[in-house]
Structure formats: C-alpha cells, structure tokens
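Below is one structure, written out as structure tokens; the observations come after it.
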Amino acid sequence: MPNRRFATGELVMGRWPGSVLYYEVQITSYNDLTHLYTVKYKDGTELELRESDIRSVSSFKPRKSNSSSSSPSRRSGSRSRSRSPGRSAKGKRRSSSQSRESRDEKKKTVRETNLTLLKLNENNTSRYNGEPDSTERNDTSYKILQKVESELEIGHVLDQYTLHPRRQKKKEEIFLEERVFETAKTTEKVSTQTKELEFGGRIGAFCMIFFLPATVFYLLLMCKQEDPSVMNFPSLPAFDSLWETRVFGVFLLWFFLQALFSLLPVGKVVEGMPLLNGRRLQYRINGFYAFVLTAAAVGNSLYFEIELHYLYDHFLQFAVSAAIFSVVLSIYLYARSLKAPKEELSPGGNSGNFVYDLFIGRELNPRIGNFDLKYFCELRPGLIGWVVVNLAMLLAEMKVQDRNVPSLSMILVNSFQLLYVVDALWNEEAILTTMDITHDGFGFMLAFGDLVWIPFVYSIQAFYLVNHPSEISWPIASAIIILNIFGYYIFRGANSQKNAFRRNPNNPKLAHLKSIPTAAGKSLLVTGWWGLVRHPNYLGDIIMALAWSLPCGFNHILPYFYVIYFTCLLIHREARDEHQCKKKYGLAWERYCQRVPYRIFPFVY
C-alpha cells in the first residue's frame, strides 16, 4: 500500500475537478482502497480528490524575485552600472509593461484552451436529475483532457505564484499552445466516432428493424380475434388486404396537416440546449395550440357526419402505411446525414455501420430550413394521433356493441391517456432537455416509435375494449382513478422539480432541497422526489400505465402488454442512464447512489 503524503486535518491546496484552479481545503479522510482523499472546501463542499490533484500550501507561496535574492553588493554594483535615472525608470516601465502583457497573453491562451476543450468535450445538457448530458465524452477524450489540464496547471499557476523561473515562461507557452492545438484536434477526431454500441450492436439493430413492426402487427391482429389469448396465434391476412392507397393518402394528409399547424406563427420561440459547437437551435412552442386546432377539425368532421369509424375499420392498413412511411423517412434521414457536418452528428449513431446508424440515427437535429423533423415527430403526428385513435375506438365501441353511451372502462382509458397527452403538450418545452432530443439521432428507432408505436400500440387498451367489453363498478373505477392520480402526481411532481432546479438552482422555492456538486458543473438532487429513488418520473410512468390497463379486466393478458413493455423499456433506459451518468459524474454519481440506493422502485435495489 503506498504511503500517504497528506495527513487527516492538514490544510492543503486542492484542484477543483474539471478545472485548473486550486483552492484551500482541509483533508477530512483517506480511503485506503481507492486511494482518494476526502477534502472539505471553505464553503462546506466535500469532494474526493486524487493525490495528484492535491499540493501543499507552501508550494503556492510567492517566491522572491531574482533581484531581491541577490546580495547587497551585487545590487549595489547593479546600481553603479545603471545609466541615468530617467533611462533606468523608462527601462523598468518597459520591462514591467512587457511582463504584464506576457502574463495577460498567457492567461488568455489558457482560457481559450479551456474553452476550446470544453466545447469539444463537455456535456451541455441534462435530461433528468442524474440523467446523462446530451453529448457524453468518451474515455479517450476524457483522458486527453485530464492530461492537458495537468500541463495547463503549470502555466496557470505560474502567473500567480512563480513556481518556475520567468525565463522559461516563453518556452513553456509555445509548448503548451502547440500541445493543446494538437490535442484538441485529436479529441475532436475521437469524439465523432461512436465506439459503444447499444441494443445488441449491429446484429441487435438489424433484428429490431424487423421485430418492432412484427410486434405491432401481432398485437393488432390479436385484438381483432374473439379469443385474444397469447397462445392463440392469429391467422395472417391476405397480403393485398394490408395496403390501400386511400388509407395512405389519409395518413399523409394527417402528417402534413400537423406539419402545417407546427409552422403557424403562434406560441413562443425558445432556445434548445447547447450543441457541440456551442450553437443553440430555436424551437417554436405551439404543440398545445396544434392540439386545440386538431380538436376543432375533428369536431367539425363529426358535425358534418364524417365517421371516425373508418379509422377502426382500416386500423391495420393505417399501421402498415405509417410503418412504410417511417422506413422511407429513415432512409431519407440517413442519406442526408452523409452530407451533414461532423459536429451535427449524434454521439451515438455514427458507428460507420449502415444498419446500426440507420436504426439509431446519424444526424442529431435534421432540419429543412427551420422545420425540425425530429422535434416535430416527437409530439405532433403520433402523440396527438394517439388521442384521435382513442376517440375513434370509443365511437367504434358504441357502434359495434350497440351502445348509447361508451362503457365506463372506455371512458377511463380515454380520460387517463388524454390527460397524459395534454400534459406533454402543455409542458412541451421540457422535451428539449430529454435524451431523445439532446443525445439520440433521428433514425428508424425514433421515427418508427413516434409514428407507429405510440399511436398504434399505446392505444391497445381502447382497441381491445371495442370487441372485448369489460364492465367495472364505480367503486373499482374510483380506486383506479385514485391510482392514476397518484402516478400522475409523482410523474409531474418529479419532472417539475427537476426542471425548476435545472433552470435556476438558486430558486428560493427550492432552498429546502440538498444537492451534490459534480465536476461537470451540474448538481444532483439528493432530497425531494429525487431523494426517494433515482428515477421517480419512471415510477410515476409505470403506475399510470397500470391504471390504464386495469379497466380492461383480467380475462386476458393482452391489455397489460403495455405495462410489461413500458416497465422493461424504463428499466433498460435506467440502466442506460446509470452507465452514462457514471461516466459523466464519476465520484459524485457514486456518492449519489450511496445516498439514494433505490433505482426506480422504493426498497428495491
């Protein structure tokens, strides 16, 4: 075991993580296993530092200049050989001015170097508390950054404490400038290539492209059967019955109608999170207005007796049309990404493999002018379409079952999911900090998920109830309502708390919350909702998903597919978040996990 250089209680100078600045700290403890010192700053912040990030206080004390260290006789001799007082003073002023200019120039070089490296490597945004930023720097670039920072320490401290003779300054400046420029180019080159592949890598991505559409069609065919048991495999329909040009035309009309609504000059314009190049894209927040206009259009259609039952009769054909459109859109997105600048590519979808990059998405924010394709598809055609599909199923239930009013189960399903959609549109700005927008590229995964999976799988409970009625009593309905409200309360409370903290950590309303500072400049909440579990918003999501399925009864497991799928999806995303957060926040994330040991469910590790 290596010997300790610093004792507990000793005052030393500790480097602030992620910077080249040193502050006076006190050592509180030492971990023999990790060989890390726990230090306490003057403001009470406690962090764990490596021994290489700690220096003795004496090494930072200013040293005497060369002139003062020389003997009196030498100084006397120096004065005797000096020229006139006027020229001597003039020379001293010139020397002082040049030294100040040299120091200022060097400080400028160090600052510019830090800014350059930060632009290339820093993670700019966070989605949730403890969720990874939009662009995680890989291990190689992080090591390069640390190496350059260790060299920059010398130059930064040199101006203030003269740890090295002044005659070496110019030489070291040149060396640092060349080294930083070379390292910055290397970091940029490394960071543009995706190394860690998700979803099973290339083979997994290839399988998912076929598995996802097959799952959708299987579920829809099962709901149409009289006996939708899992083992009762449905018969495959005739191939020509899956396509109808008119249905595809209606889908295109819906898609471009929502695009038109999104382009209307209503709603505020906000900036997204910073990109790798420091630029911020602008987004118009008018999703709720688009929902209101869509509701008015649907209401007029019903008034003029345009039946939405057509959507139910051709539901499978609409799913096929949406799937084909999402495939064509994915191919277009991949083709256009080949000409996109490297700084506009997503950090996770640039592996160099065609299938994987097509699935994940190469370009982060593909735009046609100011029209952002990914942002539009996230909330508009699929999410608003989900509500329209549910309404069509409600009307279809009344017609198929010859009812004057819809069943209580159908009303609950429609109401719960309507609340979820309206909440997402009302809080549209919050989506700008999600991983879908800040990290994931726009490829088949998101295109198919937004345009097919959301409107055709999330509506499975309403589709199921059309041919499989489920009668529930008011006491049971009241219990289900309470459960949904409880899940929504957790979901909205957690997200609102996180968003408020991200916007203004010094908000007086959040003064009661405690947080852990990180080397990335962010803070992790350890009290409130985020002190109960690491992902309370996921917990609220799962509770609401259960409430949406319970009105369908327990005769078949099919309506609970969404609950099972959603739970598995969130567990996968939680594991993905854990991996990324550990890379990003390091020791701070380990401390957070010790304070908050439960992941999604309370008392479940």
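For all residues, glycine too, the Cβ spot is worked out from N, Cα and C.
Whatever TrEMBL says is automated annotation, not expert-curated.
Now, the feature entries from TrEMBL:
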TRANSMEM  203-221  transmembrane segment
TRANSMEM  241-264  transmembrane segment
TRANSMEM  285-303  transmembrane segment
TRANSMEM  315-335  transmembrane segment
TRANSMEM  446-466  transmembrane segment
TRANSMEM  472-491  transmembrane segment
TRANSMEM  511-530  transmembrane segment
TRANSMEM  542-566  transmembrane segment
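By the Cβ criterion (under 8 Å, sequence separation of 6 or more), the transmembrane segment (203-221) is in contact with the transmembrane segment (446-466), since 3+ such pairs are found. Away from its own ends, the transmembrane segment (472-491) comes close to residues 408-409, 412, 416, 419-420, 423, 529, 536-537, 539-544, 546-548, 550-551, 553 of its chain (Cβ-Cβ under 8 Å, at least six residues beyond either end). Tertiary proximity for the transmembrane segment (446-466) is limited to same-chain residues at least six positions away from its ends with a CB under 8 Å from its CB atoms, namely 212-213, 215-216, 219-220, 223, 228, 255, 312, 315, 318-319, 322-323, 325-327, 329-330, 333, 361, 374, 377-378, 381-383, 385-386, 389-390, 393-394, 396-397, 400-401, 407, 409-410, 413-414, 417, 436, 440, 548-549, 551-552, 556, 558-559, 561-562, 565. Here the transmembrane segment (285-303) has long-range neighbours at 257-258, 261-262, 264, 266-270, 379-380, 384, 387-388, 391, 421-422, 424-426, 428-429, meaning same-chain residues at least 6 beyond its ends whose C-beta is under 8 angstroms from one of its own.
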